[in-house]
Amino acid sequence: QCLYQFLAFVPPSNESLRKPGTASVMVDTQHPLTLLLNSSVGDRDLCKTQYHFGEFGNYSLVVKTLSTSNQTVSCDLIINEGPINSYLPILFAFLVYMGILALLIAGRLLMKIDPVRNWVYKKLNPRATDRMINSELGSPNTTDSINCDPAPQSWSSGSRQRLRSLDTFRGLSLVIMVFVNYGGGKYWFFKHESWNGLTVADLVFPWFVFIMGTSIALALGSMLRWGSSKWKMLRKIIWRSFVLILLGIIVVNPNYCLGPLSWDNLRIPGVLQRLGFTYLVVAALELLFTRADSGTWEGRFPALQDILPYWPQWIFILVLETIWLCLTFLLPVPDCPRGYLGPGGIGDFGKYPNCTGGAAGYIDRLLLGEKHMYQHPSSGVIYQSTMPYDPEGILGTINSIVMAFLGLQAGKITLFYKDQPKQIMSRFIIWGIVMGVISAILTKCSKEEGFIPINKNLWSISYVTTMSCFAFILLLLIYYLVDVKKWWSGAPFLYPGMNSILVYIGHQVFANYFPFKWKMQDSQSHAEHLTQNLTATTLWVIISYILYRKRIFWKI
């Protein structure tokens, strides 16, 4: 439903030289395009053709006059040079990483062979050979080990108490986030969707919010069992939220590109700001109603012991969601239809060019001011919207709280059914199905035609339920592989997952520095972009691994 945009003027042919009029243009290849040919005389449509062009293909639209009396023409699309297969670099990168994985697995299997392991240790550290051999024979007893190095013993016991699947899920989300933030090889599906719909880039932030909610349940429950007072914990929650918001405003601020940072162009919303505020609300809500003893509930319906005792929390979340629905669909927005959820610009046939985001955009512009919002929203790519719009704005924060609360529910399930993996997995499946059904109803299983489309820019409720569905199912799979069957250690995603704040801030601060970025020979090459982006992402995984080995973890 986009307005036609002027592409080119084709001059008339030179009949004396029998030379046709030509015009050369470059077109987008992400979506199918409709080309409309108009007559310069009378402004009538001569022909219309729809085609999905391929990357670096060369095409001709040949227009011939069939009848001069009634201006009948034919339009034939000819492929002069076929498009390239732009996905080959992804296949090559996949094979390279699979090869590295195979080598690591082979090396690990070889290290289980005693002669090979002894030879490697001898080559790496000849002085420690005797000590290693004695250790293999069981010479130092447990008491000696603890007395010699108490830190590793206490650290490893602490790490065993962590839910490794949660750190792995967090690390997986973070690695994808770093990759797409660095450019994702310039593939469209590694960029944010222009408006309605989903790409890979749209998955990771809500998963991060979901994991944060799960961590809140586990952390607060643990602190209360250790006897921490609620007032002390509340002060820590407020401080952590404040630091996250401050880091987002001062350190990670995309409006730096507009010049030296000042109040005139300071972006107030942001990823860390939203994480900080969401954490504050959800953690305070959980602290208010959580108990140190999460034993079996004595009331009716014991199967709902992770839900019914916390009914005030659910009422609070439902009230918040009602507020979001009322503001989104009932708030009057000047010069815009009530309940508008579109991108503005040339979308909706250009009828509402300044209505990007409807009520969500209007509230941000009213309360924050246009200069304190994100200046280059993804809707500008296709819909050519000119209004600033912030995907981490005020109204969408309500639904990020809902997302974190659903993650909190996953954490409660893990606490209430500790050492009962079948109960945990069955409940994850049920929650995933429930969220999926709600999404299907809200969207009518359609990208554009549903009651509330899936939209990352708006953080629509259908986006939250869909991402929660994915999160429950993915957490279930990782939990089964890592914590239940122990078939997978969680590596390499475990390492960035345990240093998430450092990796996120670091990848933003050093994004334009070598070796994370360098000057490319061909800026149009997917292969070069993919190589650079994968190299940068891999470096952050290696950095997080080194920090993990040195037991350096940055916590707020």
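Note that the numbers count up from 1, one per residue, in the order the chain is shown.
Glycine residues also receive a Cβ, built from the backbone N, Cα and C atoms like all the rest.
Within the domain 'Heparan-alpha-glucosaminide N-acetyltransferase catalytic' (162-282), the DSSP-based counts of helix, strand and coil residues read 87 helix, 1 strand, 33 coil. What TrEMBL lists as domain 'Heparan-alpha-glucosaminide N-acetyltransferase catalytic' is 162-282.
Positions annotated as region 'Disordered' by TrEMBL: 138-159.
Per TrEMBL, transmembrane segment is recorded for 90-111 (among others).
According to TrEMBL, the feature transmembrane segment maps to 169-189 (among others).
Under the heading transmembrane segment, TrEMBL lists 204-225 (among others).
The transmembrane segment annotation in TrEMBL covers 237-256 (among others).
Cβ atoms under 8 Å from those of the transmembrane segment (271-289) belong to residues 205, 208-209, 212-213, 216-217, 220, 230, 233-234, 237-238, 240-245, 247-249, 252, 309-310, 312-313, 316, 392, 396-397, 400-401, 403-405, 408, 504-505 of the same chain, restricted to positions at least 6 beyond its ends. Residues or ranges marked as transmembrane segment in TrEMBL: 271-289 (among others).
What TrEMBL records for 310-331 (among others) is transmembrane segment.
The feature transmembrane segment is assigned by TrEMBL to 394-417 (among others). If one looks beyond the transmembrane segment (394-417) by at least 6 residues along the same chain, the residues whose Cβ comes under 8 Å of a Cβ in the stretch are 163, 206, 209-218, 221, 269, 274, 277-279, 281-282, 285-286, 294, 305-307, 310, 313, 317, 320-321, 323-324, 327-328, 359-360, 363-364, 367-368, 423-424, 427-428, 431, 435, 457-461, 463-464, 467-468, 471-472, 475.
The feature transmembrane segment is assigned by TrEMBL to 424-442 (among others).
What TrEMBL records for 462-481 (among others) is transmembrane segment.
Sequence-distant contacts of the transmembrane segment (493-510), counting only residues of its own chain at least 6 positions beyond either end whose CB sits under 8 Å from a CB of the stretch, comprise 164, 166-172, 174-175, 177-178, 181-182, 208, 247, 251-252, 272, 516, 536, 540-541, 543-545, 547-548, 552-556. Annotation comment: TrEMBL describes 493-510 (among others) as transmembrane segment.
The transmembrane segment annotation in TrEMBL covers 530-548 (among others).
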Range from 204-225, 310-331, 424-442 with most C-beta pairs under 8 A to the transmembrane segment (169-189): 204-225
Contacting positions for the transmembrane segment (204-225) when only residues 6+ beyond its ends and CB under 8 Å are counted: 163, 166, 169-170, 173-174, 176-177, 180, 233, 271, 274-275, 278-279, 282-283, 286-287, 290-292, 294, 400, 403-412, 414-415, 456, 459, 463-464, 467-468, 470-471, 474-475, 500
Chain residues outside the transmembrane segment (310-331) and at least six past its termini with a C-beta under 8 angstroms from it: 285-286, 289, 338-339, 341, 358-360, 362-363, 395, 398-399, 401-402, 405, 412, 458, 461
Long-range neighbours of the transmembrane segment (424-442), counting only residues six or more past its ends (CB under 8 A): 306, 406, 409-410, 413-414, 417, 450-452, 454, 461-462, 465-466, 468-470, 472-473, 475-476, 479-480, 484
For the domain 'Heparan-alpha-glucosaminide N-acetyltransferase catalytic' (162-282), the mean pLDDT of the predicted model: 88
Outside the transmembrane segment (90-111), six or more residues from its ends: residues with CB under 8 Å to it: 117, 120, 185, 187, 527, 530-531, 534
